[in-house]
């Protein structure tokens, strides 16, 4: 029977070798649920933004960019993992280097652009709240916004060839290139997380210190912030709810990204983490692709109104 390291090097789900197929079936079902829910939510957000003019803002352009990237994970990568997890470990599909390269490329492209979109949204909101309106308008012209989105995809294409090496992350048989690839991934995510936290904590400090400045900004983009919509609560309660919403977004993002960062750093500087911990860290990171649409739209009254207008309503005696 193969050992754990050989299983982690060849498994599409990054699983431990299990005598029973229960764990593999469970994770395959989990991938299937994430794939369906993530595909529907990302497609819904993209459809709403393109269908309703009120939602066609700069901040939402970055959100749509992230949703498009998340679709490559939820609609293209996750269904393959769900199916391959049900195949025997010695299946020829799992041993194909070209097929693994394709799957690794889809995963790497989607996650890289998605993480870049998180940062673009955070920086957009940071400039909107903390800088003068003239600075925001000069920075976020249509052509500048398009260049930022294009750059996120161009940068994501550079490390795609390195992604297949991450399948052997933490394996005792992994070579030096895989370990350095994992280190680069960890450092990149760690740097992106630091910038994102700087932006959102700067927003929290500004809102708590000057609620009046936020209230007089005459931008409909403010509806994209995780603030209560209407009716407006008292100023102290508004500052408290705004801070809680931003901090909740940051906590969900940290929960999804940081386990993989520290597992990668642990494997590079000390010793490889248990394969089960590696699998859990990857699963948390990939689950962000299904949760991202909810993170950025659940507090927006504009998105809720748009969704209610397109979703079918149940008809009954009350409606009649």
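Every residue gets a Cβ built from N, Cα and C, even glycine.
The feature transmembrane segment is assigned by TrEMBL to 25-50, 62-80, 100-123, 144-162, 182-203, 244-270, 276-298. The domain 'G-protein coupled receptors family 1 profile' annotation in TrEMBL covers 41-296.
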Find the average pLDDT over the domain 'G-protein coupled receptors family 1 profile' (41-296) in the predicted model and report it.
77
How about long-range neighbours of the transmembrane segment (25-50): same chain, 6 or more residues beyond its ends, C-beta under 8 Å?
13, 15, 56, 60-61, 63-64, 67-68, 70-71, 73-75, 78-79, 81-83, 85-86, 279, 283, 286-287, 289-294, 296-297, 303, 306-307, 310
Within-chain partners of the transmembrane segment (276-298) [C-beta distance under 8 Å, separation at least 6 from its ends]:
8, 13-16, 27, 30, 34-35, 37-38, 41-42, 44-45, 63, 66-67, 69-70, 73-74, 77-78, 107, 110-111, 114, 118, 121, 169-170, 224, 226, 249, 252-253, 255-257, 259-260, 263, 267, 304
Other parts of the chain folded back onto the transmembrane segment (62-80), taken as Cβ under 8 Å at six or more residues beyond its ends:
12, 31-32, 34-35, 38-39, 42-43, 45-46, 49-50, 103, 106-107, 109-114, 117-118, 120-121, 124, 145, 148-149, 152, 156, 224, 286, 288-290, 292-293, 296-297
